[in-house]
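> Sharing a structure here in structure tokens format.
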Amino acid sequence: MDAFVSQSRKRYIDGTTDEQREPVLKKCKEEECNQGIVKEDVKEKAYLTEFSQSWQKIEAEGLDCDYALLFPKEEADCLYTQLEEEVVYLTGDKTKIQVFGKVYNVPRKQASCGDAGLTYTYSGVSLQASPWTPTLEYIRDAVTKATGQTFNFVLINRYKDGHDHMGEHRDDERELDPLCPIASVSLGAVRDFVFRHRESRGKQRRRQINPVKLELAHGSLLLMNSPTNTHWYHSLPARKRVLTPRINLTFRRILQDGKK
Ligand SMILES: O=C(O)CCC(=O)C(=O)O
Ligand SMILES: [Fe+2]
């Protein structure tokens with residue numbers, strides 16, 4: 001069993017922990033979130049509080065990632081609740097993917113939002129971006145603030161429990177801006193996330209390269225920088241013991257008509 005990359009999940013760059021910190025969003029109780037009255041308050045308070053993330057570098061041959069806690073627990077709880085109200089997931093044919101000509105049900109729920117007119121092809125399914133929701137805009141802007149990168153599209157995956165999962169893939173579509181990292185925000189249940197080098201997969205493996213395993217925490221941000229998605233596949237394996245849902249947002253920059 002390979003060791004997980006050690007991750008400091010509870011500590012920020014100034015050495016404080018969640019418990020020691022003044023909660024960013026004192027008013028953000030679940031009740032208020034449910035009534036939708038907290039949105040403006042969330043925005044204002046989060047921007048007033050300077051959040052200094054503690055970045056962790058994750059590196060291997062051809063793999064370059066950064067990991068940090070972007071949102072403290074209370075704020076992450078609130079964002080999760082708001083997304084549950086706002087996001088409309090795909091239904092019908094759009095919940096199926098094609099792999100080597102065979103059609104499968106997607107083992108999770110999916111949606112996508114982005115700038116007007118954007119489409120993205122993912123596992124043989126062409127996804128048309130719905131308009132940004134207020135919470136997705138808020139999270140996108142927080143990611144931009146933390147990274148200096150701008151994004152025009154987000155793929156949303158909802159895993160109802162540990163049975164829902166995502167198989168090994170690389171996000172190496174040609175329409176993605178290679179200079180922009182894929183920024184993955186996780187909310188809800190903590191899940192394992194596994195990178196596997198393309199030359200060390202399957203029966204025809206050419207090299208023995210250890211997989212890189214992470215735990216993606218509630219409120220975390222994982223940046224997959226170039227050239228990670230050229231050399232490494234990643235997956236979110238099923239974990240039968242996970243009983244609660246998780247929402248993952250992957251912010252991307254899509255090049256359309258050669259424009260950024
Ligand atoms: O849910 C996750 O963390 C994985 C998401 C992912 O790999 C993707 O959306 O391409
Ligand atoms: Fe991915």
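Including glycine, each Cβ sits where the backbone N, Cα and C put it.
According to TrEMBL, the record shows the following:
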type	residues	note
BINDING	Phe100, Gly101, Lys102, Tyr120, Thr121, Tyr122, Asp172	substrate binding site
DOMAIN	150-255	domain 'Fe2OG dioxygenase'
BINDING	Asn157, Tyr159, His169, His234, Arg246, Thr250, Arg252	2-oxoglutarate binding site
> According to DSSP, folded down to helix, strand and coil, what is Asp172 (substrate binding site)?
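Once the DSSP labels are grouped into three classes, Asp172 (substrate binding site) ends up as coil.
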> Counting Cβ neighbours within 10 Å across all chains shown, tell me which of the binding-site residues Phe100, Tyr120, Tyr122, Tyr159 comes out on top.
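Max Cβ neighbours within 10 Å, all protein chains included: Tyr159.
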> Can you break down the domain 'Fe2OG dioxygenase' (150-255) into helix, strand and coil residue counts using DSSP?
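Secondary-structure composition of the domain 'Fe2OG dioxygenase' (150-255): 7 helix, 49 strand, 50 coil.
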> Could you tell me which of the binding-site residues Lys102, Asn157, Thr250 have their C-beta within a distance under 6 angstroms of some atom of ligand 1?
Asn157, Thr250
> In this structure, which of the binding-site residues Lys102, His169, Arg246, Arg252 has the fewest other Cβ atoms within 10 Å of its Cβ?
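Each of the binding-site residues Lys102, His169, Arg246, Arg252 was scored; lowest Cβ tally within 10 Å is Lys102.
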> Spatially speaking, which of the binding-site residues Asn157, Tyr159, Arg246, Arg252 is closest to Thr121 (substrate binding site)? Use C-alpha to C-alpha, please.
Arg252
> Count the Cβ atoms, other than its own, that fall within 10 Å of the Cβ of His234 (2-oxoglutarate binding site), considering every protein chain shown.
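By my count, 25.
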> Using DSSP and collapsing to three states, where does Lys102 (substrate binding site) fall: helix, strand or coil?
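For Lys102 (substrate binding site) - judged by DSSP and reduced to three states - the answer is strand.
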> Please tell me which one of the binding-site residues listed here (Gly101, Lys102, Tyr120, Tyr122, Asp172) sits closest to His234 (2-oxoglutarate binding site), measuring Cα to Cα?
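It is Asp172, whose Cα lies nearest.
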> 10 Å Cβ neighbour count around Thr250 (2-oxoglutarate binding site)?
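Counting Cβ neighbours of Thr250 (2-oxoglutarate binding site) within 10 Å gives 20.
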> Which one of these binding-site residues, Gly101, Thr121, Asn157, Asp172, has the sparsest Cβ neighbourhood, judged by other Cβ atoms within 10 angstroms?
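Selected from the binding-site residues Gly101, Thr121, Asn157, Asp172 on minimum Cβ neighbours within 10 Å: Gly101.
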> Thr250 (2-oxoglutarate binding site) to Phe100 (substrate binding site): how many Å between their Cα atoms?
24
> DSSP secondary structure for Tyr122 (substrate binding site), reduced to helix/strand/coil, please.
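DSSP call for Tyr122 (substrate binding site): strand.
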